[in-house]
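Lifted from TrEMBL, the feature list:
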- 1-69: region 'Disordered' (REGION)
- 14-26: compositional bias 'Basic and acidic residues' (COMPBIAS)
- 27-48: compositional bias 'Acidic residues' (COMPBIAS)
- 52-69: compositional bias 'Basic and acidic residues' (COMPBIAS)
- 87-155: domain 'Histone-binding protein RBBP4-like N-terminal' (DOMAIN)
- 154-181: region 'Disordered' (REGION)
- 164-178: compositional bias 'Acidic residues' (COMPBIAS)
- 300-342: repeat 'WD' (REPEAT)
- 400-434: repeat 'WD' (REPEAT)
Amino acid sequence: MAKRPAEELGTEADALKGGERPLKVEDGEEMDFEDEFEDEYESEEDIFEAGVDGRPDEEREAEERRDAMDVDQQTFIPGRNQLGKGETLSPDSSAYEMLHTLSTTWPCLSFDIIKDSLGDNRKTYPATMYAVAGTQAESRKAKDNELLVMKLSGLSRMDRDNEGDSDEDDDEDDDENAEPILETKSIPVFSTTNRIRAYKVPQTDTSKPPTTFTATMTENAEVLIHNITPHLSSFDNPGTIITQQQSKPVSTLRMHRTEGYALDWSPLSPQGKLLTGDNDGKIFLTTCEGGKWTTDNRPFTGHTGSVEDIQWSPTERNVFASASSDGTVKVWDTRSKSRKPQLSVKISDTDVNVISWSQRNAFLLATGADDGVWSCWDLRQWKPSSPDGAAPTPKPVASFNFHKEQITSIEWHPTDDSIVAVAAGDNMLTLWDLAVELDDEESQNTADVKDVPPQLLFVHYMEMVKECHWHPQISGCVMGTGGGGFGVFKTISV
């Protein structure tokens, strides 16, 4: 908000300029005073109507309103509005319940949140969370690349002034306003991480920590599988030493001839089942049996472009979907001997970069494309191709072109079946609520901001944001990564 210069305060001489100092009066002598204002004001009523600057209050207030309108009150939307010289963006703290940023030596293109044993649906502060990420070092310093196993603790609520007056409230505020702490364990990988995903094996022995694997697709076309259980355990066991052997991959997969970005663990296969897709359009299935990782050398084929993303069905253990630069989304069955898709739908004339399968409604799939459009699809409306080879063209349940650059990440809320997080190349991480009806009169109030869909809940600015994830156990918490580092936040609206 622009600041108006304060009026200069007058000197003592100025303050007395309206009349001369009274002369000393001798005993018994009366002195007459001339009323210099008697011609200006005819009555006390006139004096009371005049404001502090000699004008009526209504006139002064009207001018103040006009002056306020000269200040830029436009809602700033990153990617659409441009900052002026010397201007910077600052988040509105009143819109956040929690907001923290952190940076690493090198930026991270991809990360994943690791489920913990601290409980579900957590809403208390300070919050704690675990994550893993892979770096993107400069080409000449590729050997500096690493996986970062992270523990973030002391994630406090936004400081709200004057919200509590009692000593008890002050004590609670002290607990909630703890200083954030980032702890990391490093695993060398010697190549840029294109994508990383974590998988926690269902726990059968409560006397031991659950096993957690990560799968990393690297720029040199390898898939590295690490067991990061000792790294996670070391955070809560001071003095633990991580050996060099524990930081080595338990398996290195080299079935891909080109690099790729598509990677996903099956949520329904206890021992570990992994899908990986590359720029040649091939998808490989790797499973773990008896501690040994085996890749089926028969790839799934059908895409004519690179495989950009893969998602397992949340309810059917043999079904997965893939997105490609050929503009299609395909649905597959791993039991198929032909290794061909069961469904194929052309949904964009540009690359389909990312997809997300709803955890609450398995018939809903969200997609994000290179033209900035993201859509929601009802898979029950997708039908196999007709005998003549014609591809079906269903319509999306909802589609939005609010973002003006490519969609880089998309994810359904883990417990709310209508809320979606979207990240894009226009430096925006947005939250959406598909439950908002288009004809809802109240929802159409967008504060006179043009071209803003009523389903848009929140806009978070994040420089070069690449990926975003909801925390599966901290209600409403979102984490994102970009060129400027990581951001962890929770809004007051979700």
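Backbone N, Cα and C define each Cβ position, glycine as well.
Bear in mind that TrEMBL entries carry predicted annotations, made automatically and left uncurated.
Residues 77-80, 121, 351, 353-361, 364, 366-376, 451-453, 455-470, 472, 475, 478, 480, 482, 487, 491, 493-494 of the same chain lie 6 or more positions beyond the ends of the repeat 'WD' (400-434) yet place their CB under 8 Å from a CB of it.
In this model, the repeat 'WD' (300-342) carries an average pLDDT of 97. Within the repeat 'WD' (400-434), the DSSP-based counts of helix, strand and coil residues read 0 helix, 19 strand, 16 coil.
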